[in-house]
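Take a look at the structure below.
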Amino acid sequence: MTTRKRPLALLILDGWGYRENTQKNAVYHANTPVLDRLNAQYPNSLISGSGLDVGLPDGQMGNSEVGHINIGSGRIVYQELTRIGKAIEDGEFDKNQALVESIDKAIANQGAVHIMGLLSPGGVHSHESHIEAMCRLAVARGAKQVYLHAFLDGRDTPPRSAKGSLAHFDDLFTTLGTGRVASVIGRYYAMDRDNRWDRVSQAYELITEGKSLHQYSNAVEALEAAYARDENDEFVGSSAILDAQGDSAQLADGDALIFMNFRADRARQITRSFVDADFDGFERNVTPKAHFVMLTEYAADIKAAIAYPSTNLVNTLGEALQDSDKTQLRISETEKYAHVTFFFNGGKEEPFKGEDRILIQSPKVATYDLQPEMSSAELTDKLVEAIESTKYDVIICNYPNGDMVGHTGSFDAAVKACEAVDTCIGRVVDALAKVDGECLITADHGNAEQMTDEQTGQAHTAHTSELVPLIYVGRNGSIENDGRLSDLAPTMLTLMGEEVPSEMTGRSIIKLDE
């Protein structure tokens, strides 16, 4: 006989921040009767999901990976942006074994050092200061051929903001006396994470064959031509930057290829195309035997050198639930599935004992403003079914809409996205009430609450540093002020009457009435 559970659900509304300014604030302007009612009826507060409170530099906007690691681990986890920045500052970066060995092997082979990554000051997937340090290191160790393959942002930065970065690196290579920007392509292609291999193949062929839609003599010219085609940074078509002889820089046997993204989810697919022997995402015309380095570990089964291996997080929420013989469900759409599983578990791929997972396919559309509801209805169908089954003690669910639609820059679509999520929350809360369950409703970071950049007038497609909501739909009580994401796991364990592991430095911020 199956024991009936009283589930505690954590609903993470991705990209759903709180902002006083209501101008182009999709969260404010959306018709959200369910959340309005819950805010009026239940304990609620605002908590921090950015900057020092999540292990990022002061003032740095939060992001989904960082948010879920902090939530799931119950502690402030110092992020790779901070960790690698510090290594550069104190000189440790220049001695990093994986980086140094790859450069030295390429030089010994009379080969080239290829550096690829998101060329952006956004700090979400990469930081251009890290890429600059890598270029400087390659030249300092004697590399005569240094090629930068620039993936352009426009999601975590304004849609047309790459010119300054490309111009800076042109100047940098002039100063260094060698090296150049060798190719330019939007992250839409190079950093897909939804198995749209036709996109990734364009970046792969650009780097390995020099195959491109466009050819230019310098990177800024390539960008200006893209803007003339009405392509924002994110969507810049494959552009080879040719040398004085009209040749493109192509990855060859014996070269080094160093991937400077530190965030895993959007780095995995293109990495697999370079390193997996049995890769079948698309037909590869060439497979250069290069020395590939991942800046961080993108997945446990990817066989490549790692410059900065993951720090081991023990006694995360998932592990604590396992040790207490509790059952748990992780559920989301494709776009945020890795966040409620891999990242929430502190970078561990394998499920814990008693942990089930449900993946709902995200819709196959070019950009999510075309379908702002995404797959939220189907996700909620499965979530309600899981709640009604009373199989699970804890359910972790992410609704991606606020973030994924917020990134498109479309205010009207972001409003629709928020409204779709509100409808779904109503169904979930009703289902929980029927089984005497409870839930916490929160967000990992902001996005949809600011859809216009007030300084430039451009669409605001990036995350924000705003506080995020926290609502407790359950017993009578109150929520303490000054909470942060790392307080959620200790709070959940306390609500369940479970012991909080000593490794969790967050605190329980919900006080139940006597």
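Glycine residues also receive a Cβ, built from the backbone N, Cα and C atoms like all the rest.
Keep in mind it's a predicted model, so treat the numbers as computed, not measured.
As recorded in Swiss-Prot:
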type	residues	note
ACT_SITE	Ser64	active site, phosphoserine intermediate
BINDING	Asp14, Ser64, Asp444, His445	Mn(2+) 2 binding site
BINDING	His125, Arg155, Asp156, Arg187, Arg193, Arg263, Ala264, Asp265, Arg266, Lys336	substrate binding site
BINDING	Asp403, His407, His463	Mn(2+) 1 binding site
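Counting every protein chain shown, 22 other Cβ atoms lie within 10 Å of the Cβ of Arg266 (substrate binding site). His407 (Mn(2+) 1 binding site) and Asp156 (substrate binding site) have their C-alpha atoms 8 Å apart, to the nearest angstrom.
Reduced to three states, the DSSP call for Asp444 (Mn(2+) 2 binding site) is coil. The Cβ centroid of Asp14, Ser64, Asp444, His445 marks the Mn(2+) 2 site; residues of that chain outside this set whose Cβ lies within 8 Å of it are Ile12, Gly15, Gly49, Gly62, Asn63, Gly67, His68, Lys336, His339, Asn398, Asp403, Ala443, Asn447, His463, given in sequence order. Sequence-distant contacts of Arg193 (substrate binding site), defined as residues of its own chain at least six apart whose C-beta falls under 8 angstroms from its C-beta, comprise Asp265, Arg266, Arg268, Gln269, Thr334, Glu335, Ala338. Here the binding-site residues are Asp14, Asp444, and the one whose Cβ sees the fewest other Cβ atoms within 10 Å is Asp14.
For His463 (Mn(2+) 1 binding site), the count of additional Cβ atoms within 10 Å of its Cβ stands at 30 [all protein chains shown].
Each of the binding-site residues Asp156, Asp403 was scored by the other Cβ atoms within 10 Å of its Cβ; the lowest score goes to Asp156. The secondary structure of His407 (Mn(2+) 1 binding site), as reduced to three states from DSSP, is coil rather than helix or strand.
Rounded to the nearest whole angstrom, the C-alpha distance between Ala264 (substrate binding site) and the residue listed as 'active site, phosphoserine intermediate' is 11. With a 10 A radius on its CB, His445 (Mn(2+) 2 binding site) counts 28 other CB atoms from all the protein chains. In this structure, the C-alpha atom of Asp403 (Mn(2+) 1 binding site) lies 5 angstrom from that of Asp14 (Mn(2+) 2 binding site). When the alpha carbons of His463 (Mn(2+) 1 binding site) and Asp156 (substrate binding site) are compared, the span between them is 6 angstrom.
When the Cα atoms are compared, Ser64 (active site, phosphoserine intermediate) and Asp444 (Mn(2+) 2 binding site) turn out to be 6 Å apart. Geometry remark: His445 (Mn(2+) 2 binding site) versus Asp156 (substrate binding site), CA distance 13 Å. Taking a C-beta cut-off of under 8 Å and a sequence gap of six or more, His125 (substrate binding site) has these contacts in its own chain: Leu118, Asp156, Arg187, Met191, Asn261, Phe262, Arg263, Arg266, Ala267.
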